[in-house]
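Record features (TrEMBL):
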type: DOMAIN; residues: 162-290; note: domain 'TFIID subunit TAF5 NTD2'
type: COMPBIAS; residues: 337-348; note: compositional bias 'Acidic residues'
type: REGION; residues: 337-389; note: region 'Disordered'
type: COMPBIAS; residues: 360-371; note: compositional bias 'Basic and acidic residues'
type: REPEAT; residues: 419-460; note: repeat 'WD'
type: REPEAT; residues: 492-527; note: repeat 'WD'
type: REPEAT; residues: 534-565; note: repeat 'WD'
type: REPEAT; residues: 576-617; note: repeat 'WD'
type: REPEAT; residues: 618-651; note: repeat 'WD'
type: REPEAT; residues: 660-692; note: repeat 'WD'
Amino acid sequence: DRQTLVAVLQFLRRSNLRESEEILRREARLLGDDLGAAALSPAGTGLLGTPAGDAESTGGEALLSRVTAATTIAIGGSAAAVSSSSPGVAAVAAVPPGKGGPCAGAAGVPHLTSRIVSHCTFASSFRLSYKLLLYAFAVGGGVVVEDQPDVSAVLSAYNQQGDPTLYEEYYSGLKHFIECSLDCHRAELSQLFYPLFVHMYLELVYNQHESEAKSFFERFHGDQECYYQDDLRVLSSLTKKEHMKGNETMLDFRTSKFVLRISRDSYQLLKRHLQEKQNNQIWNIVQEHLYIDIFDGMPRSKQQIDAMVGSLAGEAKREANKAKVFFGLLKEPEFDVPLDDEDEEGENEEGKPKKKKPKKDSVGSKSKKQDPNAPPQNRIPLPELKDSDKLDKVMNMKEAARRVRLGPECLPSICFYTFLNAYQGLTAVDITDDSSMIVGGFADSTVRVWSVTPKKLRSVKTAADLSLIDKESDDVLERIMDEKTASELKILYGHSGPVYGTSFSPDRNYLLSCSEDGTVRLWSLQTFTCLVGYKGHNYPVWDTQFSPYGYYFVSGGHDRVARLWATDHYQPLRIFAGHLADVTCTRFHPNSNYIATGSADRTVRLWDVLNGNCVRIFTGHKGPIHSLAFSPNGRFLATGATDGRVLLWDIGHGLMVGELKGHTDTIYALRFSRDGEILASGSMDNTVRLWDAVKAFEDLETDDFTTATGHINLPENSQDLLLGTYMTKSTPVVHLHFTRRNLLLAAGAYSSQ
């Protein structure tokens, strides 16, 4: 509306943001030409030329102060500060991949890049601030920036006073009612215990009833589920009102409503009880701080509820998993696969190629038909295939023709790479797609690359030597390599803290590493030097991974956000905000249109690369998540956590479809075999386990009712799916990788304890 726009224009004028003011005035012309004059009225007059003391001007001043708050956040704070705990509102896009004005084209013009990118960043931050301002007014008041709430505002909700001596009575009364209700309702209503306990305790502490709070905590904390123990430990340290200010856990709990999924019958029962007892204190907390997702139909059983709960903010709302996800694979580019010399020779000259052809077709069959669930080919801009990529694809197809078909009757051989004497502390491992190189990230801040084939690692010659080479010769790529530098191991120095994640690019020309120092570094595997340091995270970066098509990569860290980058932009393209704790692991979907992130808030989220939206939230793990793996067909996701369980998810329906129990410690590695028949999991319990993925995913019950209500029926015994357990002597497993022919490679550092 006019008043708002004038206030914004006045603010921009005062802050000397002339350029932004011009842009806004041009846009405002759509709403009325006289706005420009009004905004430029002398400082002594208020809005639209009224004297500064008038009522309308005070409205302008109030608006102005709100604008100031909004812009400080939008322009001053980094884009990451703007976030959301709701699934729908998710990301702040800086520059869309492949779009975004001059930045996109600037990749090939190094000397122009910095100026253009900074211009883009300014423009986007202005667009962002403008949108934020309008949003601030649209919501009718305070600026909604959910990730950075004002602590005092958040806490003031606890002002509603009840009699502190009655809290224990209220809680035990409700507890007694729930424990005496029918079995079918008891399981569902028991979910209330934990969030009510936390909020009642915090309310007592906030209102400075410290002794009552202590007695309340001691009496009831033992009744809570075991998977909340870590959260309760943090809570027990909050014993004074002063402790609550600036406490992250506290703010998370207050700002994100705890989600409970309850059937209508159970909800009506609870409501009737609280109204009869006139138990307003509890009813207020339910209304104010909990989000109850009510569904029609049968209440869920204890097993069904236990499978889904456990995250920091309860379950996911059902709406969060309704969006359409294109989980199919992109069409492979078509080109001929030349046959090997050895294929053409042999006794049966005509027979051999014929035998080969059906096999070759089975590999190329993906490219023949478009997958109905696949995203449009140009949904996000992907890099063009270079000649070397095409050669690599040909090699891949030849290898695939000789691939071993795995299954319960034919398990893979496992080759274990043990890092001996790794006193530097091995913290991350990755293996190239063609299994020719292995990289280790270490706690002493080094990155070490080994060749695991007889071919040694060589650097490119110096500039002086390169000028002497005949550029036209056929073996020019061989000649540029310096034989004198050949060695099995290269050490890369540059980070100033432990290296927590490493990832090879699909074309094996680059390597990513991320560290406690807050940076992600891109290394060249031609020169073994650092090309770029990407700075965006302000805290340790726990994981990074290249897209299956190269060019894009993702990183996640302690600042609770994941960022999408492109190798030729030094600013992130997308910021995925929504997790309530550290983002501990990241994975690209095989079609590169989606990114999965696992977090210490015990949830897994799936993000859309195109628009930055969160399209899936999976809850069910009882501890921080440390490993993710997509099935090769893109339909399923496997996740592993500190609770020692592997959970299986159907991405299309947004449902949990399996739970694999067996490990006794954190699962750090998960990998599907190349055709998806077997899932391998590696854990800190020094074992690799193989699971029958075909059996786990067959006959899934994903009817509309299950999808709508989340009544999942997991098989009782996951031991039927376990195909084998392989112990190491004393080596925790930190990485797994299937070669192109389905040999399983595992890696870890020997620990002498």
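Backbone N, Cα and C atoms are what each Cβ position is placed from, and that goes for glycine too.
Among residues of the same chain six or more beyond the repeat 'WD' (419-460), those with a C-beta under 8 A of the stretch's C-beta atoms are 392, 395-396, 466, 480-483, 485-504, 506, 508, 511, 513, 515, 517, 523, 525-528, 734-735, 737, 739-740, 743, 745, 747-750.
Taking DSSP states H, G and I as helix and E and B as strand, the repeat 'WD' (534-565) has 0 helix, 19 strand, 13 coil.
In the repeat 'WD' (618-651), helix, strand and coil residues by DSSP number 0 helix, 20 strand, 14 coil. Restricting the average to the repeat 'WD' (660-692) gives a pLDDT of 94. Tertiary neighbourhood of the repeat 'WD' (618-651): same-chain residues 227, 307-311, 314-316, 325, 327-329, 373, 581-582, 584-587, 589-591, 596, 598-600, 602-606, 657-672, 674-676, 679, 681, 683, 685, 691, 693, 696-697, 700, 702, selected by CB-CB distance under 8 Å and a gap of 6+ residues from either end. Counting only same-chain residues 6+ beyond the ends of the repeat 'WD' (660-692), those with a CB under 8 A from a CB of the stretch are 400, 403, 405-408, 411-412, 414, 416, 623, 626-633, 638-642, 644-648, 718-719, 721-738, 740, 742, 744, 746, 748.
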